[in-house]
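Here the structure comes first, spelled out in structure tokens, and everything after it is commentary.
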Amino acid sequence: MDGHTLNDAEIRQLAIRLDRPVVLVGMMGVGKSTVGRKLATLLDLPFVDADDEIAEAAQLTIPEIFERFGEPYFRDGERRVIARLLEGGPSVIATGGGAFAQDDTRAMILERGLAVWLDSDVPTLIDRTSRKDNRPLLKGGEPRKILAELKAKRDPLYALAPVHVISGRGPHGDTVTLILGALAGCL
């Protein structure tokens, strides 16, 4: 499917062949939520942002959860929410950047979903994460260094996803097109 943009009929057929959730994984700032919404719309599937679901369940923002209870507490809640979302049938799920780095969560996603690794370079991640002040892991440090270290640590884990798509500096629609082609090639 390299270089081939799927037409509407091909996208509908792809959506019919999906028998489980498409789970977007990758670093914070790579565009999982934005791309996920667009992808879900094209596939006519529900979209769910796992971080939004976690915040709703806790009645706290993600930064508040980290601040009050710490990262281990957050990761446990994240695992439980993602487990519930994976039971919901075909959909598009955007996960938090650290979800796929957790062994139990990653195993669940690989077993019950179709993981798509959205990858990007550190300068792009810095540009995108600097637009929001809701990234607990970037608080109190140098974002470039933190992102580079997290990326080096997590990339080998993200690479376990069966689908790998580069999310460049171009429009998110370009990334969606690449995902559709990659999904069509693996289903």
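Glycine residues also receive a Cβ, built from the backbone N, Cα and C atoms like all the rest.
The ATP binding site annotation in TrEMBL covers GLY29, VAL30, GLY31, LYS32, SER33, THR34, ARG135. All protein chains shown were included, and the count of other CB atoms within 10 Å of the CB of VAL30 (ATP binding site) stands at 28.
The Mg(2+) binding site annotation in TrEMBL covers SER33. Residue environment of SER33 (ATP binding site) contains 18 other Cβ atoms, counted within 10 Å of its Cβ in all protein chains.
Less than 8 angstroms from the CB of ARG154 (substrate binding site) sit MET27, GLY97, GLY98, PHE100, ALA101, each of them six or more residues away in the same chain. The feature substrate binding site is assigned by TrEMBL to ASP51, ARG75, GLY97, ARG154.
Among ASP51, ARG75, GLY97, ARG154, the residues given in the record as binding substrate, the maximal Cα to Cα distance rounds to 18 Å.
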